[in-house]
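Participant: Dropping the structure in here first, questions after.
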Number of protein chains: 4
Amino acid sequence: MPLSTDQLADVSEARAATASTLRPTVPALEALLHQPLPVLDHGFVRVVDYMGDDNAVVQAARVSYGRGTRKVSEDAGLIRYLMRHRHSTPFEMCEIKYHVKLPIFVARQWIRHRMASINEYSARYSILDREFYIPEPGQLAAQSTSNRQGRGAVLQGDDAEAVLRLLREDAARCHDHYALMLGEEGGGADGGYGLARELARMNLTLNTYTQWYWKADLHNLLNFLALRLDSHAQYEIRVYAEAMLRTVRAWVPTACAAFEEYRLGAFTFSASMLAVLRRQLAGEVVEQKESGLSRREWDEMHRALGRA
Amino acid sequence: MPLSTDQLADVSEARAATASTLRPTVPALEALLHQPLPVLDHGFVRVVDYMGDDNAVVQAARVSYGRGTRKVSEDAGLIRYLMRHRHSTPFEMCEIKYHVKLPIFVARQWIRHRMASINEYSARYSILDREFYIPEPGQLAAQSTSNRQGRGAVLQGDDAEAVLRLLREDAARCHDHYALMLGEEGGGADGGYGLARELARMNLTLNTYTQWYWKADLHNLLNFLALRLDSHAQYEIRVYAEAMLRTVRAWVPTACAAFEEYRLGAFTFSASMLAVLRRQLAGEVVEQKESGLSRREWDEMHRALGRA
Amino acid sequence: MPLSTDQLADVSEARAATASTLRPTVPALEALLHQPLPVLDHGFVRVVDYMGDDNAVVQAARVSYGRGTRKVSEDAGLIRYLMRHRHSTPFEMCEIKYHVKLPIFVARQWIRHRMASINEYSARYSILDREFYIPEPGQLAAQSTSNRQGRGAVLQGDDAEAVLRLLREDAARCHDHYALMLGEEGGGADGGYGLARELARMNLTLNTYTQWYWKADLHNLLNFLALRLDSHAQYEIRVYAEAMLRTVRAWVPTACAAFEEYRLGAFTFSASMLAVLRRQLAGEVVEQKESGLSRREWDEMHRALGRA
Amino acid sequence: MPLSTDQLADVSEARAATASTLRPTVPALEALLHQPLPVLDHGFVRVVDYMGDDNAVVQAARVSYGRGTRKVSEDAGLIRYLMRHRHSTPFEMCEIKYHVKLPIFVARQWIRHRMASINEYSARYSILDREFYIPEPGQLAAQSTSNRQGRGAVLQGDDAEAVLRLLREDAARCHDHYALMLGEEGGGADGGYGLARELARMNLTLNTYTQWYWKADLHNLLNFLALRLDSHAQYEIRVYAEAMLRTVRAWVPTACAAFEEYRLGAFTFSASMLAVLRRQLAGEVVEQKESGLSRREWDEMHRALGRA
């Protein structure tokens, strides 16, 4: 169970406390509010607050374009236009806050996104729980031979078991020793050594779970999702992005659909790719060698066109 | 009347639309929500949305400090501690969005604060109203003789009247010519010249009003207020900051009180000032000349101590 | 002459002061260093400092990818790869600082780019020169009838002359009155009124020139250029971007070529556009009506394919 | 030896390559350039590039204040004024880039500073070396009993030895198993399991060393240093800040002295503290209980006054 007893009590309390507001409110997101969506073996994502909705994007764009635009375009059309032309500021007008529990090595990737606010559980002040991420057997992949950052075939049988045993035993032993070093009774062994928390934590493995509050505006959240939903993103962060995408769909369905159409499902053709395309559309047969594209670009382009 | 008829209709509509929410809600801010607070002769500030409350600051700080801290400190004490030690991230967990109408020369100061999201009315797309800021006679100050950026005595009689006439006539004439250049019937004179909006706008004076949506988190809002509530800030932006301070008091009263105690009412003593203080507290009479402080620092320090 | 006598002396002095350094140095940019590139009638852009070069991008990417990658890809190939896949952090490792003189209405667009450092000439402290932007006759365009933010045909004959006269006279009169209000001898009329600078400035028109130091990293500079070199950008800011593009070509030729290939010359096809493309490449004749694309998207797509 | 053979060759090469430049150059920093300053047992900090100097701060401030200010204040006086009044933008005009090797748990604190550019060694692509931070015996502190984030007395004798043994053995075993999981020959045991790098890394402990390029402007660097040189900062990051402070002193000696005077050596008195000070300076004996200050504030204030 990913949430602690205290946290579950907080969720119940929060979900019981209905208030009346004059702010824009999204019933579909209210239905999800505070509830943890499970991710990996002990992690979760849950929305704890939000501000704005699809209409807040429209409202902000319209203050830019001024009076008279109201009738010109439908709201959905305007949102699609803004997304297509990468007008980012209207999407900054919506804000969302998540509570996330995640392995430390995932947190280290995630925090590279700087345009967000974070409060992380601090192991200088507090003691980390004995919880580690151990991959599902189906995720225990070999190093890809073609891609330096990718995964290849799934490990099988004894090999898989051996790896899982190493991961489990090392994480558990390191945490046991962490607890021992921290032990407040002193005198070593069972009593512990009373080591400072800020030092003892260095003995933990990178699959130990941490948690944080993470708050971002819709523009920066979509940038995060575009990168982390990509097929090249590491599986362990992609599953967080997928859970968040569900919350975005509930929150701002029109902006989310535009995001899927113009970002997730899109492909950018370089100047040279456009030149190749023009020749192909004119009926010419173009070879990679004389296309001006590298082998890799050629493949990426034709994969996007379903002709790989 | 600062709001247009359309905008007043929007306010009424927004204030009529009550919804039920599971989010933290602040009744004192709800009472102000959407309502314009008048600033200067045609400007206003109004809160159009918000997220979080005093408790959101506490909640974020507590995830950092972990379980067990709950009983250690009272909430107000924790917020005061965070403010005193400039822990900024918990204050980033609250967000607020304003709709502001302000003269362009004020907007140019305001936008220097980069950690905010802005959608401004665009004079490339739309036509700016014929509204200019003309100072109250009591604000028509002479250049300070002691301070290159300050104001001195208030202009009187004919001088004041002459200056006000220049400001009024120039702004009006420039806007009339702007309208003439834009005129869509063409053929010049009454019919106008049909000039592109993005060009015609360059004829407007800097006291013309513009408007924008401005969204920031509480930490960055307080940074903005600390600078713009300062006695050295220009009066015309300080009055906006004062109106916003009222909304912050309604929204997060504990954080706002801590801000007034530890930032607005505080004074930072340099290393050399501390050395002087120590000698003074020991009963020594210290002269500026041998204090290690410049005349200016000496005065700033003693003003803070009420001994100027 | 866009630079003041003082500034020209600074340029000469700076260009005479050769030093020896262990830092990466780019001779082609050193040749341009400190020299103003004229823009519009009184403006300029000049590079006053820089840090890093093409190789700094490679070096940063290689620390990410670690040992062993050195032989895998050629430097240029790596830079192209990073640009194609929007890896932004290696491009952040290069930094450049410009001194720019520009009309205030252009400065208001420019400052929307928040990821940069700016120090602007302050009219609270100092007096702005009597210099205004007046468009070339060939730039005096009518409002576009098809595009709310665009320009149409160029004004001709008497109309053009009338508009230019209005712009010139209003800017000049406003500045004369500004000088009069500031006049330090007091007593009105010739002696001036001694009004505070921070107030008098509000009488200036938006085509008055200001100046600033503007510093950004290469990643954010390229984002700025991508937006401001676009054919939809206003001419008056586009010419600044064009002058800056010349400096980028001298500074980081490989990164700049990749930028032109993968950003400036590129086009992003949405999911629906890709579906249309696939059908077209398969030889099918697709009509806009049943394409799933709006008229506008259809046109944008086919313009990119040279088949508008 | 903290640098690898490859890196040492890079340092020699970089230090041999003198170039001529028209940019501001700081001989005292050139003398340090590229050279690693050792930190902790295997870490280092080294400056790899920089832009600007003390004079760049002055130059930026002077464009803000305009002509005529040149004689008003001496350069050092201006820099001190800017620092005292927290004018941040002129300090943003200087930029510096470091190459740093540091334990992962230190990197996790460091990266909380978002206003910087980072390229970190990626364990998705490459294999981390078998190097861990093991504290000096003198740093092996017990948890403070008075401060939840602090250190108390140093562990002694058998206890210290036991803790060091645990840290050493766990880090070594985890890295051995990491190498085993990665082993490319497959088949388990000596041959390894061929696990994907992005997965295997999760078995490493938080004291494993990583490295990155870190680039920031002077304003943000000083913010980093102010926080991390503080006596409450964790020792393991403070020593990095101390090494960096040495480089800042060489680079911008005037700005650095002002920083030490107005930030490092300064203390901020709250409104209530100022009220107490005023009474004390008037000769009154004030008791904590009726001072309006908490015990903690009282102590902090009197420690700053050397009267704790």
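Placement of Cβ uses the backbone N, Cα and C atoms for every residue, glycine included.
Unlike curated entries, TrEMBL annotations are predicted automatically.
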Participant: Would you identify which residue of A:Thr89, A:Thr205, A:Thr208 TrEMBL lists as part of the FAD site it also attributes to A:Arg112, A:His113, A:Arg114, A:Glu120, A:Asp217, A:Leu218, A:His219, A:Asn223?
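Facilitator: TrEMBL lists A:Arg112, A:His113, A:Arg114, A:Glu120, A:Asp217, A:Leu218, A:His219, A:Asn223 binding FAD, and from A:Thr89, A:Thr205, A:Thr208 it also lists A:Thr89.
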Participant: From the candidates A:Arg80, A:Arg165, A:Arg201, A:Arg263, give the one listed by TrEMBL for the same dUMP site as A:Gln109, A:Trp110, A:Ile111, A:Arg112, A:Glu120, A:Tyr121, A:Ser122, A:Ala123, A:Arg124, A:Arg228.
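Facilitator: Candidate in the recorded dUMP site: A:Arg201.
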Participant: Could you give the Cα-Cα distance between A:Gln109 (dUMP binding site) and A:Leu218 (FAD binding site), in whole Å?
Facilitator: 19
Participant: Select one residue from A:Ile111, A:Leu218: among these binding-site residues, choose the one with the most other Cβ atoms within 10 Å of its Cβ.
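Facilitator: The residue with the most neighbouring Cβ atoms within 10 Å is A:Leu218.
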Participant: Give the residue from the recorded positions A:His113, A:Arg124, A:Arg228 that has the most other Cβ atoms within 10 Å of its Cβ, counting over every protein chain displayed.
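Facilitator: Within the set of recorded positions, the most crowded position is A:Arg228.
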Participant: Rounded to a whole angstrom, what is the C-alpha distance between A:Glu120 (FAD binding site) and A:Arg228 (active site, involved in ionization of N3 of dUMP, leading to its activation)?
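Facilitator: So the alpha carbons of A:Glu120 (FAD binding site) and A:Arg228 (active site, involved in ionization of N3 of dUMP, leading to its activation) sit roughly 20 Å from each other.
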Participant: Measure from the Cβ of A:Ser122 (dUMP binding site) and count the other Cβ atoms within 10 Å, all protein chains considered.
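Facilitator: The answer is 20 other Cβ atoms.
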Participant: Can you count the other CB atoms that lie within 10 A of the CB of A:Gln109 (dUMP binding site)?
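Facilitator: Excluding its own Cβ, the number within 10 Å is 19.
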Participant: Counting across all protein chains present, how many other Cβ atoms fall within 10 Å of the Cβ of A:Thr89 (FAD binding site)?
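Facilitator: By my count, 20.
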Participant: Between C-alpha atoms, which of these binding-site residues comes nearest to A:Asn223 (FAD binding site): A:Ile111, A:Ser122, A:Arg124?
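Facilitator: The answer is A:Ile111.
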Participant: Please give the greatest C-alpha separation between any two of the dUMP-binding residues A:Gln109, A:Trp110, A:Ile111, A:Arg112, A:Glu120, A:Tyr121, A:Ser122, A:Ala123, A:Arg124, A:Arg201, A:Arg228, in angstrom, as a whole number.
Facilitator: 29
Participant: Mind sorting out which of the recorded positions A:Thr89, A:His113, A:Glu120, A:Ser122, A:Arg124, A:Arg228 are close to chain B, meaning Cβ under 8 Å from one of its Cβ atoms?
Facilitator: A:Thr89, A:Glu120, A:Ser122
Participant: What's the CA-CA gap between A:Ser122 (dUMP binding site) and A:Arg228 (active site, involved in ionization of N3 of dUMP, leading to its activation) in angstrom, rounded?
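Facilitator: Distance between the two Cα atoms comes out at 25 Å.
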Participant: Measure from the CA atom of A:Arg228 (active site, involved in ionization of N3 of dUMP, leading to its activation) to the CA atom of A:Thr89 (FAD binding site) and give the result in Å, rounded to a whole number.
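Facilitator: Cα of A:Thr89 (FAD binding site) to Cα of A:Arg228 (active site, involved in ionization of N3 of dUMP, leading to its activation) measures 21 Å after rounding.
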